[in-house]
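Here is what TrEMBL records for this protein:
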type     : residues : note
DOMAIN   : 21-246   : domain 'MacB-like periplasmic core'
DOMAIN   : 287-406  : domain 'ABC3 transporter permease C-terminal'
TRANSMEM : 21-42    : transmembrane segment
TRANSMEM : 280-309  : transmembrane segment
TRANSMEM : 336-362  : transmembrane segment
TRANSMEM : 374-396  : transmembrane segment
Amino acid sequence: MQTWDTVRMAAVGLATHRSRSLLTILGIVIGIGAIIVVIALGESGKQLIVGEIQNMGPKNVFVVPGKAPTDVGGAGSTLFTDSLREKDLNDLQKKANVPNAASVTPIVFGNIISIFENESYAGLVMGSTPDIIRFFDLKMAQGDFFPDESVSQKEEVAVIGKKVAEELFPTEEPIGKKIKIKNKNYRVMGVFAQKGQGSFVNFDEAVVVPYTVVQQHILGIKYFQRMVVEADTEANIQNVSRDIETLLRNNHNIDDPSRDDFFIMTQDDIVQRIGNVTNILTILLSAVAAISLVVGGVGIMNIMLVSVMERTREIGLRKALGATNKDILDQFLSEAIILTLSGGVIGVLIGATIGILLAYIIKYAFGIDFSFTFPVGGSIAGLIVSTVVGFVFGIFPARQAAKKSPMEALRYE
């Protein structure tokens, strides 16, 4: 029997029991659909974060307190959160120590409550310098960012996010007004343009103050939680990283690199780490979703066995008319593969639809520039996997059908 005739007969057999066929492939649809959603959202999230990092510029080197997360026994920045000090900042700013550094910017942050008259807002306070505008690609909607003099003179001034301004000043002009933080008044110099949730900070909900003021009056700390060193050229990134390592190890009396109480990350390092994390999460979540495929495969095998029993006389009649064992096996195996492949196609379509809806919800509910990325490779892999599932779980019922004796099959009631 020709392949096309086998496929046609298999399709006719499935169409005869349409409702049962649809219920049979439900597990496959759920499994493939879930995998498509996971892969699509993972890739979309990765692109969002990578784009945010790339907006910060390829020449930036990030210095973080603590051990790198990949170190054996390391726990990220939780072990040495106070390891970056004022002396480190001053030494890094000296051209002789890091000759290829164009600028060095410290960052401190914490949670605070901002108050204006009867209004209050709980959010993030960040202490830094005017360079933060360039690092995070920030734009001003109103007013100006505070100058370098505000940092050196410890002026009590602030630049607030769009949402902070809307909450504290629903009917008033915020520029020039004073908000209270930790019993001190801070004059609002500017309001950020709406940016939404980035990969690191939601500046719509942030208050930015000179880092010297945040350290002394708001957080009461003498260390930095981050430092950003900008290289003079992209080609000098590695030179800058090496000079920073040498200087900080000297300052912290570290002879053994395994005892570093800081770690350094370039844009490429961050992108690679994010890629590794998203890939691992995608694999784990896809593995969980794949359980539905196994369940669906078992369901298909059981239904196919029932179908073989119900169609025993049909099998006997076909064999009596000259069909071989291979013809019978091919027909039932084709039915299983058509079922799972159809489930795979439906799963891809449903998964893509759900992914688009979730991306839309995320974009407008959280103000994130989040777009759906259709996983072409994942979809093709999903269809291949669904076909393999059909073959693996369909081969046993198909062989059972092929083994039936035509005489016994014709006598079956």
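Glycine is treated like the rest: Cβ placed from N, Cα and C.
Curation plays no part in TrEMBL annotations; they are all automatic predictions.
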Tally of DSSP helical, extended and coil residues in the domain 'ABC3 transporter permease C-terminal' (287-406): 104 helix, 0 strand, 16 coil
Residue numbers, six or more beyond the limits of the transmembrane segment (21-42), whose CB comes under 8 Å of its CB atoms: 14-15, 278, 281-282, 285-286, 289-293, 295-297, 299-300, 303, 339-340, 342-344, 346-348, 350-352, 354-355, 358-359, 372-375, 378-379, 382-383, 385-386, 389
Remote residues contacting the transmembrane segment (374-396) - C-beta distance under 8 A, at least 6 residues beyond either end: 28, 32, 35-36, 39-40, 43, 290, 293-294, 296-298, 300-301, 304-305, 332-333, 335-341, 343-345, 347-348, 352, 355
Integer mean pLDDT for the domain 'MacB-like periplasmic core' (21-246): 87
